[in-house]
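Working notes, beginning with the structure itself.
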Amino acid sequence: MILKDRYKIEKRIGEGAMAKVYLAMDTQHNRPVAIKQISPPPEMFDVHTAIKRFEREYQFLSSINHPNIIRAYDFFEHQSHTFMVLEYVQGFTLEHVFRNYPRPDLKRLVNLALHIAYGVEVINLAGILHRDLKPSNIIVNNRGIKILDLGIGKHMNIDVTRLSEHGSFIGTIEYASPDQFSGKVTANSDVFSLGVILYQLFTWQPHSPFLEHDIPSTLTKIVTQDLPSLVHVLPPQLYNENKPFYDDFSRLLTHALQKGSDDRIADAMTFVAKLETITKGHIYHQITPQEVYQTLSAQARDELKQIGDRHGRTLPQASQKKPQTSLGQTRVRRRRMEAQKRNKAFKWLVLSTAILLVIVTGVIWYFS
């Protein structure tokens, strides 16, 4: 089957309640792509809203060009069906990683945390709230991480106070901010969700720290109970090996996980700046992807190689083309320029102190 005279469908690779996903070959650019077809169930009351949300997801993704965000290439209709063409990303979800791999060392955890935070930062800089950040929406591979699924994302300046079009909750409860239950979704709601993911990352648990045996208990815990400080739940040996870092990082997470929006870190940009300060103060977190790959477990290397062999190629490089729309791009470009300035200053610091470090030009694979 060929769609739009260019996308040759190879096989179905996923299916959910609202969409099917196919692996296809873009014959025009000679690259594999993922094609997402919206397929709301027949009993769904408002199919029109689902389709509009699908179109909005494409608009969001196509407005961002960043290595930690999946790219959207095309959007079209064919025989009364609606399709979105996405970058094909090989790898594992972070949820899968939590459940199937041992905890990596601190350097790799910090790299992973930074790049998840960078992804959230650039989404928010583009004026978008993700609203469904969770490990199953983050893909990890030997080139880094990709944040997926902006299907329930919203413009920060357009009606973010509503929970949904019909007033019901949207999202994944155990990763949602208290704001999302109160009907007053705020610009730093994603900061709370990011904090939950990073808390889970550093405790290396298979599920959210807020997850309970039923929905009411989970919701109650998110709204009323504070998580224990990270330093109190880490194994003593791990904590003692890097006390200064964990003390500072624990305070950062506590600030990100405040129940009240006014008490929480103001935005993802502030969170990233604080996280960079902490990591550069305590950890040399910059390492090359090649160095990381050499330290992968044999199992992880074999599984990655099998994925690549099945498709005859590795993950394509992120496109360097300019985005097709201008949503939030002025702020995104400014943020990139600031990051470049920080990298240059850091290089001069490295040279002046004769510390041998390698500045990362890509993101990392982190399994031990």
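Placement of Cβ uses the backbone N, Cα and C atoms for every residue, glycine included.
Here TrEMBL flags Lys36 as ATP binding site. Annotated compositional bias 'Polar residues' per TrEMBL: 316-329, in sequence order. Annotation comment: TrEMBL describes 7-285 as domain 'Protein kinase'. Annotation comment: TrEMBL describes 312-331 as region 'Disordered'. Marked as transmembrane segment by TrEMBL: 345-367.
When other Cβ atoms within 10 Å of the Cβ of Lys36 (ATP binding site) are tallied across all protein chains shown, the result is 25. Averaged across the domain 'Protein kinase' (7-285), pLDDT for the predicted model comes to 87.
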